[in-house]
Amino acid sequence: MFPMLYYLHYWSHSFGPLNVFRYISFRATAAAITSLAFCWIFGPWCIRILRRLKAGQPLRGKEEVHRLAELHSQKKGTPTMGGVLILASVTASSLLWGIPTNRYVLLSLFGLLSLGLVGMADDLAKIRQKAARGIPGRVKLLAQGFVAVVVGLALAWEPETSRNLYRVVVPFVKESTLWDLGWVIWPFLMLVVMGASNAVNLTDGLDGLAVGCSITVAFVYAVFAYVAGRPDFAGYLFVPYVRGGGELAVFCAALLGACMGFLWYNCYPAQVFMGDTGSLAIGGAIGIVSICLCQELLLVIAGGIFVLEALSVLLQVGSFKMTGRRIFAMAPLHHHFELVGWSETTVVVRFWILSLLFSMIALSSLKIR
(Lines of atoms letter the chains of each structure in order from A and count residues from 1; the text may use other names and numbers.)
(Lines give C-alpha, C1' and ligand atoms only; values in the text may rest on other atoms or scores of the structure.)
Protein backbone atom coordinates (compact mmCIF):
# COMPACT_ATOMS: atom_id res chain seq x y z
CA MET A 1 0.00 0.00 0.00
CA PHE A 2 2.95 2.33 0.70
CA PRO A 3 4.03 3.19 -2.86
CA MET A 4 0.54 3.14 -4.37
CA LEU A 5 -0.78 6.73 -4.09
CA TYR A 6 -0.23 7.43 -7.80
CA TYR A 7 -2.50 4.53 -8.72
CA LEU A 8 -5.42 5.94 -6.75
CA HIS A 9 -6.40 7.98 -9.80
CA TYR A 10 -7.69 4.77 -11.41
CA TRP A 11 -10.64 5.02 -9.01
CA SER A 12 -11.35 8.66 -9.88
CA HIS A 13 -14.49 7.61 -11.79
CA SER A 14 -15.94 6.63 -8.41
CA PHE A 15 -14.51 9.53 -6.45
CA GLY A 16 -13.54 12.53 -8.57
CA PRO A 17 -10.98 14.17 -6.22
CA LEU A 18 -8.70 11.12 -6.63
CA ASN A 19 -7.93 12.42 -10.13
CA VAL A 20 -5.36 14.83 -8.63
CA PHE A 21 -2.99 11.89 -8.14
CA ARG A 22 -2.47 11.85 -11.91
CA TYR A 23 -0.81 15.25 -11.93
CA ILE A 24 2.92 15.55 -11.44
CA SER A 25 2.57 19.11 -10.15
CA PHE A 26 0.33 17.93 -7.29
CA ARG A 27 2.48 14.92 -6.46
CA ALA A 28 5.71 16.94 -6.57
CA THR A 29 4.27 19.50 -4.16
CA ALA A 30 3.04 16.71 -1.89
CA ALA A 31 6.46 15.01 -2.06
CA ALA A 32 8.21 18.20 -0.96
CA ILE A 33 5.81 18.69 1.95
CA THR A 34 6.07 15.03 2.97
CA SER A 35 9.88 14.95 3.04
CA LEU A 36 9.95 18.30 4.85
CA ALA A 37 7.54 16.99 7.50
CA PHE A 38 9.53 13.74 7.75
CA CYS A 39 12.71 15.66 8.61
CA TRP A 40 10.91 17.94 11.03
CA ILE A 41 9.27 15.05 12.88
CA PHE A 42 12.18 12.60 12.97
CA GLY A 43 15.00 15.18 13.18
CA PRO A 44 15.11 15.41 17.01
CA TRP A 45 14.94 11.62 17.33
CA CYS A 46 17.77 11.21 14.79
CA ILE A 47 19.92 13.76 16.62
CA ARG A 48 19.38 11.99 19.95
CA ILE A 49 20.35 8.63 18.43
CA LEU A 50 23.53 10.07 16.88
CA ARG A 51 24.49 11.70 20.19
CA ARG A 52 23.89 8.41 22.00
CA LEU A 53 26.15 6.66 19.48
CA LYS A 54 28.78 9.38 20.07
CA ALA A 55 28.90 10.10 16.34
CA GLY A 56 30.56 13.47 16.89
CA GLN A 57 32.17 15.35 14.00
CA PRO A 58 36.00 15.14 14.21
CA LEU A 59 37.68 18.50 13.60
CA ARG A 60 41.08 19.18 12.12
CA GLY A 61 43.64 20.38 14.64
CA LYS A 62 45.56 23.65 14.84
CA GLU A 63 48.58 22.08 13.19
CA GLU A 64 46.46 21.65 10.04
CA VAL A 65 44.20 24.66 9.87
CA HIS A 66 45.61 27.08 12.48
CA ARG A 67 43.13 29.95 13.07
CA LEU A 68 40.18 28.08 11.54
CA ALA A 69 40.38 25.55 14.38
CA GLU A 70 39.71 28.38 16.84
CA LEU A 71 36.78 29.71 14.79
CA HIS A 72 35.17 26.26 14.68
CA SER A 73 36.03 25.09 18.19
CA GLN A 74 32.37 25.27 19.28
CA LYS A 75 31.43 22.69 16.63
CA LYS A 76 33.37 19.92 18.36
CA GLY A 77 31.12 17.03 19.32
CA THR A 78 28.23 18.05 17.06
CA PRO A 79 26.77 14.78 15.72
CA THR A 80 27.45 13.96 12.09
CA MET A 81 25.90 11.43 9.66
CA GLY A 82 22.62 13.37 9.78
CA GLY A 83 22.44 12.74 6.05
CA VAL A 84 20.66 9.48 6.87
CA LEU A 85 17.62 11.65 7.64
CA ILE A 86 17.76 13.14 4.14
CA LEU A 87 18.22 9.72 2.51
CA ALA A 88 15.28 8.24 4.40
CA SER A 89 12.92 11.14 3.74
CA VAL A 90 13.75 11.40 0.02
CA THR A 91 13.39 7.65 -0.49
CA ALA A 92 10.09 7.42 1.41
CA SER A 93 8.59 10.49 -0.22
CA SER A 94 9.70 9.54 -3.75
CA LEU A 95 8.21 6.06 -3.45
CA LEU A 96 5.05 7.39 -1.84
CA TRP A 97 4.26 10.08 -4.41
CA GLY A 98 6.14 8.97 -7.52
CA ILE A 99 5.61 6.08 -9.89
CA PRO A 100 7.73 3.42 -8.17
CA THR A 101 8.57 1.62 -11.43
CA ASN A 102 9.87 4.72 -13.23
CA ARG A 103 13.43 4.01 -14.36
CA TYR A 104 14.67 7.56 -13.83
CA VAL A 105 13.41 7.71 -10.26
CA LEU A 106 14.90 4.29 -9.52
CA LEU A 107 18.29 5.29 -10.95
CA SER A 108 18.29 8.53 -8.96
CA LEU A 109 17.42 6.64 -5.78
CA PHE A 110 20.13 4.10 -6.59
CA GLY A 111 22.71 6.88 -6.85
CA LEU A 112 21.44 8.63 -3.73
CA LEU A 113 21.53 5.51 -1.56
CA SER A 114 24.75 4.05 -3.01
CA LEU A 115 26.76 7.22 -2.52
CA GLY A 116 25.05 7.69 0.83
CA LEU A 117 26.51 4.35 1.91
CA VAL A 118 29.95 5.42 0.68
CA GLY A 119 29.62 8.64 2.65
CA MET A 120 28.48 6.72 5.71
CA ALA A 121 31.55 4.50 5.51
CA ASP A 122 33.68 7.64 5.31
CA ASP A 123 31.93 9.23 8.31
CA LEU A 124 32.27 6.06 10.37
CA ALA A 125 35.97 5.86 9.53
CA LYS A 126 36.45 9.45 10.71
CA ILE A 127 34.58 8.77 13.95
CA ARG A 128 36.60 5.61 14.68
CA GLN A 129 39.91 7.28 13.83
CA LYS A 130 38.89 10.52 15.59
CA ALA A 131 40.39 12.31 12.59
CA ALA A 132 39.12 14.23 9.58
CA ARG A 133 40.64 11.93 6.94
CA GLY A 134 38.18 9.06 6.53
CA ILE A 135 38.47 6.48 3.77
CA PRO A 136 40.99 7.08 0.94
CA GLY A 137 39.88 9.53 -1.73
CA ARG A 138 40.50 7.02 -4.51
CA VAL A 139 37.98 4.65 -2.94
CA LYS A 140 35.31 7.35 -3.06
CA LEU A 141 36.22 8.18 -6.66
CA LEU A 142 35.99 4.52 -7.67
CA ALA A 143 32.57 4.23 -6.04
CA GLN A 144 31.33 7.39 -7.76
CA GLY A 145 32.68 6.18 -11.10
CA PHE A 146 31.00 2.82 -10.60
CA VAL A 147 27.64 4.47 -9.90
CA ALA A 148 28.01 6.63 -13.02
CA VAL A 149 28.77 3.60 -15.21
CA VAL A 150 25.84 1.62 -13.78
CA VAL A 151 23.49 4.52 -14.50
CA GLY A 152 24.91 4.87 -18.01
CA LEU A 153 24.54 1.15 -18.74
CA ALA A 154 20.97 1.16 -17.43
CA LEU A 155 20.10 4.05 -19.75
CA ALA A 156 21.97 2.53 -22.70
CA TRP A 157 20.19 -0.82 -22.25
CA GLU A 158 16.80 0.49 -23.40
CA PRO A 159 16.59 1.89 -26.96
CA GLU A 160 14.24 4.64 -25.81
CA THR A 161 16.56 5.96 -23.10
CA SER A 162 19.81 5.29 -24.97
CA ARG A 163 18.75 7.84 -27.59
CA ASN A 164 18.96 10.60 -25.00
CA LEU A 165 22.07 9.26 -23.28
CA TYR A 166 24.40 10.65 -25.95
CA ARG A 167 22.74 14.06 -26.08
CA VAL A 168 24.22 17.08 -24.35
CA VAL A 169 22.36 20.40 -24.35
CA VAL A 170 24.22 23.70 -24.32
CA PRO A 171 22.21 26.27 -22.31
CA PHE A 172 21.19 29.55 -23.97
CA VAL A 173 21.97 28.24 -27.47
CA LYS A 174 19.08 27.47 -29.82
CA GLU A 175 19.24 24.12 -31.64
CA SER A 176 22.20 23.37 -29.40
CA THR A 177 21.99 19.62 -28.91
CA LEU A 178 25.24 17.79 -29.58
CA TRP A 179 24.61 14.31 -30.92
CA ASP A 180 26.45 11.03 -30.52
CA LEU A 181 29.36 11.65 -28.19
CA GLY A 182 30.34 8.03 -28.74
CA TRP A 183 32.73 6.48 -26.25
CA VAL A 184 33.45 9.92 -24.79
CA ILE A 185 30.09 9.73 -23.02
CA TRP A 186 31.46 7.26 -20.44
CA PRO A 187 34.26 9.41 -19.00
CA PHE A 188 31.87 12.35 -19.30
CA LEU A 189 29.24 10.59 -17.16
CA MET A 190 31.87 9.75 -14.56
CA LEU A 191 33.05 13.36 -14.56
CA VAL A 192 29.49 14.61 -13.97
CA VAL A 193 28.77 12.28 -11.04
CA MET A 194 32.24 12.60 -9.49
CA GLY A 195 32.29 16.35 -9.96
CA ALA A 196 28.80 16.97 -8.56
CA SER A 197 29.23 14.60 -5.62
CA ASN A 198 32.62 15.95 -4.55
CA ALA A 199 31.70 19.60 -5.19
CA VAL A 200 28.76 19.39 -2.77
CA ASN A 201 31.03 17.59 -0.31
CA LEU A 202 33.62 20.39 -0.49
CA THR A 203 30.89 23.00 0.02
CA ASP A 204 29.68 21.29 3.20
CA GLY A 205 32.02 23.12 5.57
CA LEU A 206 29.76 25.69 7.24
CA ASP A 207 26.42 25.36 9.00
CA GLY A 208 23.64 25.20 6.41
CA LEU A 209 25.81 26.13 3.43
CA ALA A 210 25.69 23.02 1.24
CA VAL A 211 22.15 21.99 2.10
CA GLY A 212 20.85 25.53 1.51
CA CYS A 213 22.49 25.74 -1.92
CA SER A 214 21.14 22.27 -2.75
CA ILE A 215 17.58 23.57 -2.29
CA THR A 216 17.87 26.02 -5.18
CA VAL A 217 19.58 23.49 -7.47
CA ALA A 218 16.92 20.86 -6.73
CA PHE A 219 14.21 23.40 -7.58
CA VAL A 220 15.83 24.18 -10.94
CA TYR A 221 15.96 20.51 -11.90
CA ALA A 222 12.40 19.94 -10.68
CA VAL A 223 11.26 22.60 -13.15
CA PHE A 224 13.37 21.19 -15.99
CA ALA A 225 12.14 17.66 -15.26
CA TYR A 226 8.53 18.80 -15.43
CA VAL A 227 9.16 20.56 -18.75
CA ALA A 228 11.15 17.65 -20.22
CA GLY A 229 8.37 15.20 -19.35
CA ARG A 230 5.77 17.18 -21.34
CA PRO A 231 6.16 16.88 -25.15
CA ASP A 232 4.27 20.15 -25.70
CA PHE A 233 6.39 22.16 -23.24
CA ALA A 234 9.62 20.47 -24.32
CA GLY A 235 8.98 21.21 -27.99
CA TYR A 236 8.06 24.83 -27.37
CA LEU A 237 11.05 25.53 -25.09
CA PHE A 238 13.57 23.51 -27.15
CA VAL A 239 14.24 21.09 -24.31
CA PRO A 240 14.86 17.39 -25.13
CA TYR A 241 11.70 15.41 -24.48
CA VAL A 242 12.33 12.64 -21.95
CA ARG A 243 9.40 10.26 -21.78
CA GLY A 244 8.73 9.54 -18.12
CA GLY A 245 11.26 12.18 -17.11
CA GLY A 246 8.55 14.25 -15.49
CA GLU A 247 8.62 11.86 -12.53
CA LEU A 248 12.04 13.27 -11.70
CA ALA A 249 10.19 16.43 -10.68
CA VAL A 250 8.72 14.37 -7.83
CA PHE A 251 12.19 13.12 -6.86
CA CYS A 252 13.72 16.62 -7.01
CA ALA A 253 10.82 18.04 -5.01
CA ALA A 254 11.33 15.34 -2.37
CA LEU A 255 15.03 16.24 -2.25
CA LEU A 256 14.17 19.94 -1.98
CA GLY A 257 11.76 19.31 0.90
CA ALA A 258 14.24 17.05 2.70
CA CYS A 259 16.97 19.70 2.43
CA MET A 260 14.59 22.35 3.79
CA GLY A 261 13.62 20.11 6.69
CA PHE A 262 17.24 19.25 7.44
CA LEU A 263 18.25 22.92 7.27
CA TRP A 264 15.93 23.51 10.24
CA TYR A 265 18.44 21.61 12.39
CA ASN A 266 21.58 22.38 10.38
CA CYS A 267 21.38 26.18 10.35
CA TYR A 268 23.78 28.09 12.62
CA PRO A 269 24.49 26.95 15.27
CA ALA A 270 24.03 23.46 13.83
CA GLN A 271 22.51 20.74 15.96
CA VAL A 272 23.62 18.11 13.45
CA PHE A 273 25.85 17.82 10.37
CA MET A 274 24.84 15.79 7.35
CA GLY A 275 28.41 14.55 6.91
CA ASP A 276 29.62 12.78 3.79
CA THR A 277 26.55 10.57 4.15
CA GLY A 278 24.45 13.48 2.94
CA SER A 279 26.81 15.58 0.83
CA LEU A 280 28.14 12.80 -1.42
CA ALA A 281 24.61 11.46 -1.89
CA ILE A 282 22.97 14.81 -2.69
CA GLY A 283 25.65 15.78 -5.20
CA GLY A 284 25.63 12.38 -6.88
CA ALA A 285 21.83 12.34 -7.12
CA ILE A 286 21.74 15.80 -8.70
CA GLY A 287 24.40 14.69 -11.18
CA ILE A 288 22.34 11.64 -12.14
CA VAL A 289 19.20 13.75 -12.60
CA SER A 290 21.14 16.06 -14.92
CA ILE A 291 22.27 13.04 -16.96
CA CYS A 292 18.73 11.67 -17.27
CA LEU A 293 17.48 15.05 -18.51
CA CYS A 294 20.44 15.70 -20.87
CA GLN A 295 21.12 18.87 -18.85
CA GLU A 296 24.60 18.16 -17.53
CA LEU A 297 26.03 21.54 -18.59
CA LEU A 298 23.18 23.35 -16.86
CA LEU A 299 24.59 22.05 -13.58
CA VAL A 300 27.61 24.32 -14.02
CA ILE A 301 25.23 27.31 -13.89
CA ALA A 302 22.59 26.16 -11.39
CA GLY A 303 25.27 24.73 -9.10
CA GLY A 304 27.55 27.73 -9.52
CA ILE A 305 28.46 27.84 -5.84
CA PHE A 306 29.48 24.18 -5.92
CA VAL A 307 31.59 24.87 -9.02
CA LEU A 308 33.32 27.86 -7.41
CA GLU A 309 34.08 25.85 -4.27
CA ALA A 310 35.58 22.98 -6.27
CA LEU A 311 37.55 25.32 -8.52
CA SER A 312 39.01 27.13 -5.51
CA VAL A 313 40.44 23.83 -4.26
CA LEU A 314 41.86 22.90 -7.68
CA LEU A 315 43.42 26.34 -8.12
CA GLN A 316 44.84 26.35 -4.60
CA VAL A 317 46.44 22.92 -4.97
CA GLY A 318 47.69 23.63 -8.49
CA SER A 319 49.18 26.99 -7.56
CA PHE A 320 50.93 25.63 -4.48
CA LYS A 321 52.43 22.70 -6.38
CA MET A 322 53.61 24.85 -9.29
CA THR A 323 54.74 28.03 -7.55
CA GLY A 324 54.77 27.25 -3.83
CA ARG A 325 52.26 30.06 -3.28
CA ARG A 326 48.61 29.97 -2.28
CA ILE A 327 45.94 31.99 -4.07
CA PHE A 328 43.47 31.93 -1.17
CA ALA A 329 43.95 32.20 2.57
CA MET A 330 42.45 28.71 2.63
CA ALA A 331 40.39 26.50 0.33
CA PRO A 332 37.53 25.75 -0.19
CA LEU A 333 36.42 29.29 -0.87
CA HIS A 334 34.08 29.67 2.12
CA HIS A 335 37.01 29.21 4.51
CA HIS A 336 38.94 31.95 2.69
CA PHE A 337 36.20 34.46 3.48
CA GLU A 338 36.07 33.28 7.09
CA LEU A 339 39.78 33.91 7.49
CA VAL A 340 39.60 37.40 5.95
CA GLY A 341 37.06 38.42 8.58
CA TRP A 342 33.55 37.45 7.44
CA SER A 343 31.43 35.77 10.09
CA GLU A 344 30.16 32.27 9.38
CA THR A 345 26.55 33.41 8.98
CA THR A 346 27.62 36.22 6.63
CA VAL A 347 29.44 33.76 4.38
CA VAL A 348 26.52 31.34 4.35
CA VAL A 349 23.79 33.89 3.63
CA ARG A 350 25.81 35.61 0.90
CA PHE A 351 26.54 32.27 -0.74
CA TRP A 352 22.82 31.42 -0.54
CA ILE A 353 22.06 34.70 -2.33
CA LEU A 354 24.57 33.85 -5.06
CA SER A 355 23.13 30.33 -5.34
CA LEU A 356 19.66 31.79 -5.82
CA LEU A 357 21.04 34.12 -8.49
CA PHE A 358 22.74 31.23 -10.31
CA SER A 359 19.49 29.27 -10.19
CA MET A 360 17.52 32.18 -11.64
CA ILE A 361 20.04 32.42 -14.48
CA ALA A 362 19.70 28.67 -15.10
CA LEU A 363 15.89 28.92 -15.20
CA SER A 364 16.09 31.83 -17.64
CA SER A 365 17.77 29.48 -20.15
CA LEU A 366 14.32 27.99 -20.76
CA LYS A 367 13.35 31.15 -22.66
CA ILE A 368 16.59 32.92 -23.53
CA ARG A 369 18.08 31.11 -26.53
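Including glycine, each Cβ sits where the backbone N, Cα and C put it.
Copied over from TrEMBL:
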TRANSMEM  20-43  transmembrane segment
TRANSMEM  81-99  transmembrane segment
TRANSMEM  105-125  transmembrane segment
TRANSMEM  137-157  transmembrane segment
TRANSMEM  177-196  transmembrane segment
BINDING   Asn201, Asp276  Mg(2+) binding site
TRANSMEM  208-228  transmembrane segment
TRANSMEM  248-268  transmembrane segment
TRANSMEM  280-308  transmembrane segment
TRANSMEM  347-366  transmembrane segment
Under 8 angstroms for C-beta pairs, at least 3 of them, ignoring pairs fewer than 6 apart in sequence. Is the transmembrane segment (137-157) in contact with the transmembrane segment (280-308) by that rule? yes
Look over the recorded stretches 105-125, 208-228, 248-268, 280-308, 347-366 and say which has the most C-beta pairs under 8 A to the transmembrane segment (20-43). 248-268
What residues in the same chain, six or more past the boundaries of the transmembrane segment (81-99), come closer than 8 Å to it by Cβ-Cβ distance? 2-3, 5-6, 27-28, 30-32, 34-35, 38-39, 42-43, 46-47, 50, 55, 105, 108-109, 112-113, 116, 119-120, 123-124, 211, 244, 247, 250-251, 254-255, 257-259, 261-262, 265-266, 272-279, 281-282, 285
If you count CB pairs under 8 A between the transmembrane segment (105-125) and each of 208-228, 248-268, 280-308, the winner is 280-308
Within 10 Å of the Cβ of Asp276 (Mg(2+) binding site), how many other Cβ atoms can you find? Include all protein chains, please. 29
Tertiary contacts of the transmembrane segment (347-366), as residues 6+ beyond its ends and Cβ separation under 8 Å: 171-172, 206-209, 212-213, 216-217, 219-220, 223-224, 227, 237, 239, 268, 298, 301-305, 334, 337-338
Could you find out if DSSP has Asp276 (Mg(2+) binding site) as helix, strand or coil? helix
